[in-house]
């Protein structure tokens, strides 16, 4: 279940708490992995908010054949019902319902929950309440002490025979009963037997901002984190032919000749496109835009680089830096550097301090020295979710 807004955790540029990073990985990605790694689990329905599809793709770029996305409703109870309905065609024997913000669910607990499931009862992992409980009066003064004997704090995943728990949710929906605080309460209402088993102290729910901070600190202490930072390089060269301007980084620069190419021959953008694609192992510019395809004849090269940037972002990548070195005797790049930098900022959606454009000559050596063309070398640095695997 990952359709909530997580308002108690406060606002974050990363989105609701299920998409915040702990140990360089989104909370939801870590939670989901516990289930995709479990051989006892079949289809997994991930229920998300209707506005969160882009956040989900960034948090969980990997494709899992047994994972389906379900759009949730206005409440957790309604989102759960919709998630259960999404599995109706498969009609599994059992179902586990888990909070997406409990990322420390372990394989041992999952296996014990499943082992205790029967057609006649559900399973609720829970921990005995260790603290003394007090009931307060309206004025905040202690009214009475409550015996903690037989009291447990419920956790998830809560597991049930599929058909009975779906039926219970449908009945609650039919009469607009929305006051259940968890799925075990709905099961209790419909007299579905639920067995309590020992939960796990590690299986905490991340509710407040401090919970997320502590989870991040815990993961970083558990092991050295190697962020998934990737670097790609690109190189391109185009010869001159008769003309009156060259296009570099999307900017037209007056010149005594133009660059020869199938598209607009923007040597800088071509090199940078290859550099971005390299960070995904996604081939080169010719793979995506073959020169044999007439539709790219004379095309603006910003189409190519924006396509490469889209591939990066769909995998959750954030472009940290791009660097372009132009090698030419002419034209002079300096007077146009600011415009070229701004053009790259607009194409890639990054700040100017993350863009470097440099120029050098070839000291009159080789084809560049003979003013026969321009070469470009580009480097892109991209940060992807997660970390480098061991």
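All positions are counted from 1 along the displayed chain.
Cβ coordinates are placed from backbone N, Cα and C, and glycine is handled just like the others.
Small disclaimer: the values here were computed from a predicted structure and weren't measured.
Features as listed in Swiss-Prot:
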- 236, 237, 238, 262, 263, 284, 285, 286, 360, 361, 362, 363, 367, 370: 4-CDP-2-C-methyl-D-erythritol 2-phosphate binding site (BINDING)
- 236, 238, 270: divalent metal cation binding site (BINDING)
- 1-229: region '2-C-methyl-D-erythritol 4-phosphate cytidylyltransferase' (REGION)
- 230-390: region '2-C-methyl-D-erythritol 2,4-cyclodiphosphate synthase' (REGION)
- 8: site 'Transition state stabilizer' (SITE)
- 17: site 'Transition state stabilizer' (SITE)
- 148: site 'Positions MEP for the nucleophilic attack' (SITE)
- 205: site 'Positions MEP for the nucleophilic attack' (SITE)
- 262: site 'Transition state stabilizer' (SITE)
- 361: site 'Transition state stabilizer' (SITE)
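Counting only same-chain residues at least 6 apart in sequence, those with a Cβ under 8 Å from the Cβ of residue 238 (4-CDP-2-C-methyl-D-erythritol 2-phosphate binding site) are 259, 260, 261, 265, 267, 270, 373, 374. Here the Cα atom of residue 205 (site 'Positions MEP for the nucleophilic attack') is found 60 Å from that of residue 362 (4-CDP-2-C-methyl-D-erythritol 2-phosphate binding site). Per-site Cβ counts within 10 Å over the recorded sites 17, 148 peak at 17. Pairwise Cα distances among 236, 237, 238, 262, 263, 284, 285, 286, 360, 361, 362, 363, 367, 370, the recorded 4-CDP-2-C-methyl-D-erythritol 2-phosphate-binding residues, top out at 30 Å. If you take the Cα of residue 285 (4-CDP-2-C-methyl-D-erythritol 2-phosphate binding site) and the Cα of residue 361 (site 'Transition state stabilizer'), they are about 25 angstrom apart, rounded to a whole number.
Looking only at the recorded sites 17, 148, 262, the one with its C-alpha closest to residue 360 (4-CDP-2-C-methyl-D-erythritol 2-phosphate binding site) is 262. Counting other Cβ atoms within 10 Å of each Cβ, the lowest count among the binding-site residues 263, 360, 362 belongs to 360.
Other Cβ atoms within 10 Å of the Cβ of residue 285 (4-CDP-2-C-methyl-D-erythritol 2-phosphate binding site), summed over all protein chains shown, number 25.
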